[in-house]
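A.B. asks: So TrEMBL lists these for the protein:
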- 1-24: signal peptide (SIGNAL)
- Cys138, Cys141, His142: heme c binding site (BINDING)
Amino acid sequence: MKKKILLICAAAATAAAVSVPAQAQFAKAEDAVKYRQSAYTLMANHMGRLAAMAKGERPFDAGAAQASARLIESLGHLPWEAFPQGSTSKGLKAEPWADAADFKERADRFKGEAAKLPEAAASLESLRKQVGATGASCKNCHDKYRNI
Ligand code: HEC
């Protein structure tokens, strides 16, 4: 009987641990900041490679462009869950959690543009256009939320 109660307690403790809010994906606020900044750093690296091709500073290579484009699309799913309430940082101009709907709208606009990048990377002309549109969607969010 005692053993059964212990088991029930253990199960309840596990359930409680599992049902903590989504914010607990990050043990500390700094972990969330590090996570989102890392994702942005990688996205920006690959945007830089595409921009260099678009500007003719680097020879156009469809394979490399598509690889970077796919990475930007995938990495572009990562930062948004890493803005739990109170995870302030020097990089923030405004608090995304204070107007989550507005922030989500800007993130969704970016995701929509990033989703078009891999196909656009097939030719230099379409790459140029889509790098521009994607870059504008980064800026659309940075203007309000990123402290540069
Ligand atoms: C919906 C909003 C949003 C979109 C879209 C967005 N960013 Fe950001 N970005 C932010 C915010 C907010 C920060 C500041 C995060 C922090 O420092 O806590 C940031 C920070 C950054 C940083 C600095 C990271 C660091 O190490 O401090 C880079 C680089 C960056 N973004 C690149 C990009 C690029 C490139 C794109 C588009 C391909 C993009 N971002 C799209 C909101 C956005």
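We number each residue from 1, going along the chain as drawn.
Using N, Cα and C of the backbone, Cβ positions are placed for all residues, glycine too.
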A.B. asks: Counting Cβ neighbours within 10 Å across all chains shown, tell me which of the binding-site residues Cys138, Cys141 comes out on top.
C.D. replies: Cys138
A.B. asks: Near the heme c site, what residues other than Cys138, Cys141, His142 in the same chain have a C-beta no further than 8 Å from the centroid of the listed C-beta atoms?
C.D. replies: Arg106, Phe110, Ser137, Lys139, Asn140, Asp143, Tyr145, Arg146
A.B. asks: Taking only same-chain residues 6+ apart in sequence, whose CB is under 8 Å from that of His142 (heme c binding site), what do you get?
C.D. replies: Ile148
